[in-house]
Amino acid sequence: MNQLKTLLEKNFTLHFRSKQFWVNLYIPVLSAILSIIFTYKNNETYYILLIFVCLNNNGVLRQSLILIIREKSQKFKKLQQQMGLSSNAYYASWIITFFVLTFGVSLFYIIPFIAFRLNEAGKGHLRIDMLILGQILYSCALASLVLFLSSFSKNQNKASELIGLLNVILTFVVISNFAPEPKLTFFSQLPTLFVPQTAFQMLLLSSHWLYNDEEYFLNPGIYITCLIVQIVCYTLGFLYFDQVVSGSKKYFFLCNYCKKQTKTYTDFDDESNPNSTNQEVEPYQLYKPMLNIQDQLVENQGQPYIQVENMWKKIENQYILKSLNMEIYQNEIYCLLGPNGAGKSTLINILSGVTEKTKGKINILGQSIDNKSFKNQIGICLQKDVLYSELNVYEHLKFYGQLRGILDQELQQQINYILQVCQLINEANLKADQLSGGNKRKLSLAISLIGNSKIVFLDEPSSGMDALTRQQIWDVIKQMRLNRAIIMTTHHMEEADELATRVGILMNGQIVTQGTPDFIKLNFGVGYHLQMDFQDQNQLLLEKPIIQAQLQKIDSYTPIIQCAPNSLKSVLPVNKIHLFHELLNYLEDNSQSKFSLQLNSLEDSYLAIDYQYGTQNIDLNAQRVFQQKPIIDFKTQLLSLIQRKLLVLLSSTDKQWKYLFPLPFIYLAVIFGIQSSFLFVCLYLTIKALTSTLYVMIQLEDKDTKIKQYMYASGVQIYTYWLSNVVTDIVPSLIEGLFTAFLLFVYDVGHFGSHFFGVFFLITIFGVSLSCFANCLTLFYKKQQGVYVGVPLLQFFVFFLLFFILMLYTAQPGCPLGLSMISMIFMIISPFTACYMGFAMSPILLNFAVFSYFSCILYLIIGGTIYFLILYSIDRNQFKQIQSNMNDTDAVVDVQELTKKIGQVETVHKLSFQIKQKEIYGLLGPNGAGKSTTFNMITKFDQPTSGQVRIKDINTNLGLVPQFCPFYPSLTVYQHLSIYGAFKGQQNLQNAIEVYLKALDMYDIKDRKVKYLSGGERRKVQIGIALIGGSNRLFMDEPTTGLDPKSRRIIQQILLQSTINNDATVLLTTHSLQEAQSICNRIGIMVNGFLITEGTINELRTQLGEQARFSVKCNIGRKEQVHQTIWLQLSQQFQLQPIFEYRENYLSYQIPAGYFKLSYLFQYLQVELKQKQLLITDFSIYQPSLEQIFAFFASQQILGLNQNLLNNFGDNQFDFGNRLRAIMAFFCIFW
């Protein structure tokens, strides 16, 4: 009961805090106004009231439907079930929410209905009690039907549009039987059994509303019974099919005879290959030991929280996990490492109870996982933040705490403690969409802690965070560890090294080894990394052969590689450590480089394991094929964009269904039109008004996924883009025109049968004009959800019904010329009005050429052209062209005093820098510094407030890798490369694609849809799209976020090689400081919108002062002893300075350059402290790394955003009183 109360409070809060909910109130208000107008205008239009009495709650039903499907599609339901949500409470809460809101909103229609005595309209008299009873039953029956249909949909927008259309179409069933004359037949009564609208309308009519003749109706009690039966049946159907269709339950006892299993949909489609050729085989045939090194033995730590023995998981005849064995203990952080698609997320979902294992044994907290009794003891932080934008931080924690049944006093104490642990005290009153990315992640971590969870699952908890924010997340996780077992996945090896007590490396579904990070590094280590940084490339080339000769003295097989434009790197074998001091002495005395020496990292060990498992098939020289100059023209772009839209349409059954969806209803309208051609026209225009979003769905997808902005930034012309959409929409308009005209001809409906080509041409032109009109209406909405709810209702109630009523007054026989001109304006503004008048098929109507058939065709063309120009001009103003005139500088990219203001906040302040040819420029900064804003302005995704960007040859050579993926989920890898290559003018396109796919070992998956790709594979496709067409102006926003180390290094090598082979200029933003240090020629650091410093790594180091640093990792319990030993021995000799160290069991020190001698320090740490005294297990000696440089400058970041949000919070609240007064004033004008 407590869960039900909590869920109801949440459901109503989500509704009432949504602006769309209050906007939807215009539907019952407008329905009431139109009902009053029709009642007083003409007795013969009384039957129109049957439509309005059923449509008053259409908006709130669609909004509720969107919310319930959102809970399923965006994993809210999944997360809550993992944390103990009862299915009974969940279903009961939504049933009650639908029933209450549907009836509640209908009161906005019923009250004026009674006040204006519309129950006395027509020839009868409807009792008030029967009206209220019928409205209650109808509201519940309609809500039950909508809930039932929600079970079969995963797309909230498509479901919303379907419900809106069905609700309107089904209201015409009764009218078709009572116009022009009422009649009682079996088929006229049959829909009352399963259509709530029909049963409700027949109930009202049988209760003497509008008609007083009982011979056409059954007893009112029969219709009441029908509504009750519908409520029961549809509600039970919802409870049954919602579980069956989602895969959470099988077909129960009703379908036990059916052996077919229902597919379970999971989050990791990318980890299973839908085109797999694996046959049904036994597990032992697939299992092959990969490594001979045994797992590290774990000392007895008491009862394990998680035990896994010989566990297997199969998805679509392919084993994703194979023979897994592991134990996880209290107070332990167990980190799963592995490449994309290795099975990490699958394993976490099995352990958390979301997905069932195929075979094996799993115990959670001493009990079998099959008991499901551990649900209230686990917490989960998914890879994607699952947060309600309508709720604030405190409300999230309160909701999940109440969901777990925590008493108020204890819950308040837990919330206060968790807010403190997760560093969210100052953000407690901020809504989720007002939080920064780091604070959203902290909130997700906080939710996983509520209820004193004993086991916490963290899926890439710091992905996409900058170094400082990641450190804050680490601090939170460290505090979470106490009395818990934490299982986490990550692609950041330094994160695993810092947090994990043990690491398990998962490859190809098998844990190949597990142990502490030190155990992994020791057994798979490659040696000491010696890195030498030079002032310039000339110095590097001069010293390289000499240094190579010195390395040969240590080991003849020791290689030396150029890891960055001005850096050399070599790996020194551990077994020759006694010879290191000679090399170090030489470098100190003779080399101009600044060098560092570090033991191999966990990432090196991981890559060594990956190398043992498989090989890397990549030929970086293959990208020479992209050096051809592109050929771009209008015709090529137009044809490629038309091909793109047709491919998207033909590859998606959902989109095909939406285009075909109106046709059966048009057929139904034709059948109704046999009795009245006027009824056909009204029904047809109603269908078009409620389904016109089919013309905007691909454009909306382009806008919401930023594909449109990406294409504009990549060289697509704005007019070409919109022209391709209009040309493509001609095809469905032609098909629909031919289909409708043929039906009207066959059934000889009214005068349409003798005007076949007239109807065909009118509907075709109407469809194209409506396409431009509907796209213009989407400009009033920021979110796709608002478009799918608002645009159909706006078109139906305003641009069809309201304009139709206005036309009844202005288009009268003998009306003045002025009114006719007003009618002409109406027809240009609303294509529905022009089409309605055009259906008259009259050469001269009402003695005015203004209303002739061909005049209406002309109005449709004029209106469509105007709306096309509006779309073009708005996009042109929004995406202004970047200058390409670069005659006054040798730079390829020139950014001059770029400034961006959002409201009163200046997010970027007079930013200026240049990037030259063959240069990789890294742009770094903490979250909120303005990096992504700068990237968006440079790449035309956003417009600067002031300043300018100049890019040489931008129209032909630009390649982009934004954070988002500009992909269509239903298209394949090959199709994406083909589409983007075509409109970027790539020569020999097919050959170029083949070479690129083979180079990156992606040829075997070229026909796989992108929705099945792993994160690393998607990033590789994005790199290909950026390079294709010969692009050598590359702009990349965090290109390696979320990639495993192997994929990350491949992409880094591609970028380095592109500067050599294709003279590329690269702008790179990243949160990986190691990545920036490895491949960037120059680096700029942004803080609070300012570029506070830039230069090479050595130039940035100089700004911190000439100094060296070293860190030691102490044996447990020896940290104080190590510090005293080092301080006594080295403080006087080296002028030692301690540095704050956030890592446990680590000590760090700084040495001025004049006192530093690497060879002596190395000998002391290695021989004295590590080998003789056994005080330390690891050490590193280095120049100030980019991490220290970044931390120094990023510490200046002024975090004033929270206060700004708090100050603006009250201004953003929805003032219901003001909005309601505005709505009433708006409709009073029309009244």
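Backbone N, Cα and C define each Cβ position, glycine as well.
The annotation domain 'ABC transporter' is assigned in TrEMBL to 306-533, 893-1113. Marked as transmembrane segment by TrEMBL: 21-40, 46-69, 90-111, 131-150, 162-179, 221-241, 665-687, 730-747, 759-781, 787-810, 817-839, 851-874.
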Beyond the flanks of the transmembrane segment (131-150) by 6 or more, those residues with Cβ under 8 Å of it: 54, 57, 61, 64-65, 68-69, 94-95, 98-99, 102-103, 106, 110, 113-114, 119, 159, 162-163, 167, 196-197, 199-200, 203-204, 207, 224, 227-228, 230-231, 233-235, 237-238, 241-242
Annotated stretches the transmembrane segment (90-111) and the transmembrane segment (21-40) touching (3 or more Cβ pairs under 8 Å): yes
Contact call for the transmembrane segment (46-69) and the transmembrane segment (221-241): at least 3 Cβ pairs under 8 Å, seq gap 6+: no
For the domain 'ABC transporter' (306-533), the mean pLDDT of the predicted model: 85
Long-range environment of the transmembrane segment (730-747) - Cβ separation under 8 angstroms, sequence gap at least 6: 659, 662-663, 666-667, 670-671, 673-674, 680, 684, 694, 753, 756-757, 759-768, 771
Contact check, the transmembrane segment (21-40) vs the transmembrane segment (787-810), 3+ Cβ pairs under 8 Å, seq sep 6+: yes
Cβ contacts under 8 Å made by the transmembrane segment (665-687) with residues that lie 6+ beyond its boundaries: 165, 168-169, 172, 175-176, 179-180, 736, 739-740, 743-744, 747, 749-752, 796, 800, 832, 835-836, 839
